Amino acid sequence: MAYLLQGRLPINQDLLLMQKGTMMRKVRSKSWKKLRFFRLQDDGMTVWHARQAGGRAKPSFSISDVDTVREDHESELLRNLAEEFPLEQGFTIVFHGRRSNLDLVANSVQEAQTWMQGLQLLVGFVTNMDQQERLDQWLSDWFQRGDKNQDGRMSFGEVQRLLHLMNVEMDQEYAFQLFQTADTSQSGTLEGEEFVEFYKSLTQRPEVQELFEKFSSDGQKLTLLEFVDFLQEEQKEGERASDLALELIDRYEPSESGKLRHVLSMDGFLGYLCSKDGDIFNPTCHPLYQDMTQPLNHYYINSSHNTYLVGDQLCGQSSVEGYIRALKRGCRCVEVDIWDGPSGEPIVYHGHTLTSRIPFKDVVAAIGQYAFQTSDYPVILSLENHCSWEQQEIIVRHLTEILGDQLLTTALDGQPPTQLPSPEDLRGKILVKGKKLMLEEEEEEPEAELEAEQEARLDLEAQLESEPQDLSPRSEDKKKVVMCPLLCRPLCCQIMAQAPISKPGLLLFPKQKPKAILCPALSALVVYLKAVTFYSFTHSREHYHFYETSSFSETKAKSLIKEAGDEFVQHNAWQLSRVYPSGLRTDSSNYNPQEFWNAGCQMVAMNMQTAGLEMDLCDGLFRQNAGCGYVLKPDFLRDAQSSFHPERPISPFKAQTLIIQVISGQQLPKVDNTKEQSIVDPLVRVEIFGVRPDTTRQETSYVENNGFNPYWGQTLCFRILVPELALLRFVVKDYDWKSRNDFIGQYTLPWSCMQQGYRHIHLLSKDGLSLHPASIFVHICTQEVSEEAES
């Protein structure tokens with residue numbers, strides 16, 4: 001099967017040496033270092049390993065799983081082993097998603113260079129593969145898995161095993177008939193093109209053929225006019241359909257004569273439907289398409305909570321890898337929890353827990369290196385400063401020396417601003433969000449201060465009433481920084497209000513060290529994002545400025561949305577807000593970010609190390625606009641006079657009816673690859689996330705024993721009150737009557753990026769990785785609800 005990509009795969013001396021194989025040390029920790037024989041397979045797309053050369057090998061990874069290859073010094077683990085192995089002999093393979101990195105140490109610098117250069121060449125090839133090349137690679141991977149004795153050909157017994165691996169339940173007699181038809185050499189085995197023909201016989205699409213014949217006058221081709229009719233009637237392409245039809249024929253018609261005659265064959269039609277142009281996600285939303293010149297507070301900002309953690313909140317590992325992965329997936333606001341460290345060097349970790357420590361300077365170096373690899377729009381450092389004056393000065397030194405010109409240290413024009421700058425204004429800049437020493441003119445009147453104290457006390461009491469068990473040190477109410485008494489008057493009243501209020505039966509925290517005084521040099525680095533305590537919306541309007549930002553626990557934010565959602569919307573129209581998960585989420589679980597986006601909260605911080613529905617929503621929202629990490633909020637969330645209440649939305653919103661016909665599925669993966677004989681019973685669930693009245697879900701019935709090409713043909717109908725805020729999540733599950741249905745794949749996207757018509761939805765894994773070629777085929781139709789229907 002290696003022939004499928006022959007002539008297209010890059011070939012050089014590095015790859016030839018990799019195909020011969022190399023003994024290298026696989027390193028997991030200081031105590032776990034094992035010699036393994038790694039070899040690039042003949043297909044050029046997979047790497048297998050064995051305990052020794054010639055030993056029984058098993059798959060290690062596919063090139064398509066590799067995100068990048070890093071040199072020795074970029075690995076924390078390899079740096080720690082520098083005395084044992086020369087750094088130049090090591091390298092790190094970084095995978096997409098949440099899969100752990102693979103650290104390897106070669107026997108020589110030359111061998112390490114061979115593998116690094118070869119892998120980088122192959123990763124570049126895979127990144128630029130077209131649709132056909134991706135399918136060829138997928139087929140090659142399956143052939144490798146099915147060819148149990150690795151002789152380059154497949155017997156009927158191996159084909160039967162492969163069918164079960166591919167989720168195909170097929171009558172043995174019919175399968176043998178297809179096998180014999182494909183075996184044109186009559187050798188009793190399938191190889192090369194024969195296997196491809198066998199696969200094609202399995203993947204006939206009668207539902208697409210029926211659709212094709214509906215618009216084709218002769219059932220053989222679509223003329224230009226017939227294709228234009230299809231694009232206008234079904235795909236809702238409007239006036240651009242004529243020009244688009246010519247583009248699509250030129251792009252997807254495999255026959256050169258067909259291109260010249262401006263006709264589309266069945267193969268070309270299917271190619272279009274399976275392509276990005278036939279995807280449910282509108283291709284016009286992929287590039288940067290939104291206005292990026294509005295103030296920062298007008299955007300949703302992709303934000304991370306406890307970015308340094310790659311595990312749970314109590315004993316998990318802290319690593320610069322958390323920052324690298326967050327930034328590379330488009331995150332624009334990262335959290336840095338800084339504490340006094342040994343030898344005068346600040347450290348980053350989750351305070352008062354058993355999580356591991358990392359040097360602050362390593363975190364800053366990683367941020368400086370990766371901040372703008374995915375997006376060149378501004379990165380916000382949300383500093384949680386717990387350091388002494390002396391180590392705060394070290395923080396300032398590392399930030400300024402390592403980040404250099406990337407760090408924003410003064411207002412853009414040198415003048416007092418009247419509103420927050422835009423993402424466009426701040427391209428390539430890193431901003432510090434944190435405490436700032438008060439200026440003389442910012443001091444509050446005693447009456448206002450007393451009112452703030454009372455409101456803060458009420459807020460805290462309400463939070464204790466609703467969550468008496470929430471005693472986590474992550475609570476914002478327990479980590480305030482006292483300002484320098486030499487530069488501003490004491491804040492005794494505020495400190496009293498900010499301390500935990502004791503109640504009968506509640507344990508108090510152990511006594512902590514006196515809180516640190518804020519270093520003026522660190523305060524000076526906070527230019528536009530001064531962190532302030534929230535007391536009430538009235539207090540914020542009367543005493544705060546547009547460049548001040550407040551943080552809210554999820555509990556507090558939910559309470560505010562319920563009690564005064566319209567005021568929260570108005571607040572977020574002129575000031576930035578950050579929402580963070582409850583301290584009770586010690587397992588690094590996530591909340592539903594949608595309810596906070598509904599109120600216009602910009603920085604809804606997520607535990608990005610934890611996959612699941614909540615991260616699917618986050619990835620879905622920020623999939624648009626080039627994945628730059630900034631998404632413009634709807635206009636009614638940018639209006640400081642807005643009357644919109646996320647809990648009770650009313651007109652002038654134009655409600656929409658959404659009609660989804662779930663037609664079929666293609667090449668759905670197994671839930672558990674270890675169960676070769678198990679075949680999934682798939683169903684499709686469509687979930688809507690938006691304002692409370694819009695949040696709902698419906699699902700199809702399940703198809704028994706068919707994950708390869710299930711057919712549903714069922715219609716689901718929804719009524720959406722505020723489509724501007726709606727996210728759609730398509731989930732495929734494996735039905736199980738005895739227990740919870742198992743997850744197979746999902747895809748999430750904003751309503752505003754959804755295309756109508758016949759569309760394929762290309763499924764993603766729990767980690768957000770492509771499950772190509774797994775997809776579901778649907779028909780989407782939206783209709784505006786008439787005033788009569790609404791009344």
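Cβ coordinates come from backbone N, Cα and C, glycine included.
Fair warning: this is a prediction, and the values are worked out from it, not measured in the lab.
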Of the residue ranges 608-611, 636-639, 656-659, 760-763, the one that Swiss-Prot records as motif 'PDZ-binding': 760-763
Candidate sharing the Ca(2+) 3 site with ASN306, GLU335, ASP337 (per Swiss-Prot), from GLU321, GLU345, GLU384: GLU384
Binding-site annotation, Swiss-Prot, substrate: partner of LYS433, LYS435, ARG578 in SER551, SER553, SER559: SER551
Candidate ranges 26-53, 138-165, 250-277, 390-417 [criterion: Swiss-Prot lists as region 'Substrate binding']: 26-53
Per DSSP, three-state class assigned to GLU384 (Ca(2+) 3 binding site): strand
Length of the line joining the Cα atoms of ASN705 (Ca(2+) 4 binding site) and GLU335 (Ca(2+) 3 binding site), in Å: 46
Spatial neighbours of ASP736 (Ca(2+) 5 binding site), counting only the binding-site residues ARG153, ASP183, ASN306, LYS435 and Cα distances within 10 Å: none
Closest of ASP183, SER185, LYS435, ASP681, ASP734 to ASP147 (Ca(2+) 1 binding site), Cα positions, binding-site residues only: ASP183
Cβ-centroid neighbours of Ca(2+) 1 site ASP147, ASN149, ASP151, ARG153, GLU158, 8 Å, sequence order: GLY146, LYS148, GLN150, GLY152, MET154, SER155, THR189
Environment of ASP183, SER185, SER187, THR189, GLU194, the listed Ca(2+) 2 site - residues of the same chain whose CB lies within 8 A of the CB centroid: ARG153, ALA182, THR184, GLN186, GLY188, LEU190, GLU191
For GLU335 (Ca(2+) 3 binding site), the one of ARG153, LYS433, SER551 that lies nearest, given that the binding-site residues are compared by Cα: LYS433
Rounded distance in angstrom between the Cα atoms of GLU158 (Ca(2+) 1 binding site) and THR189 (Ca(2+) 2 binding site): 9
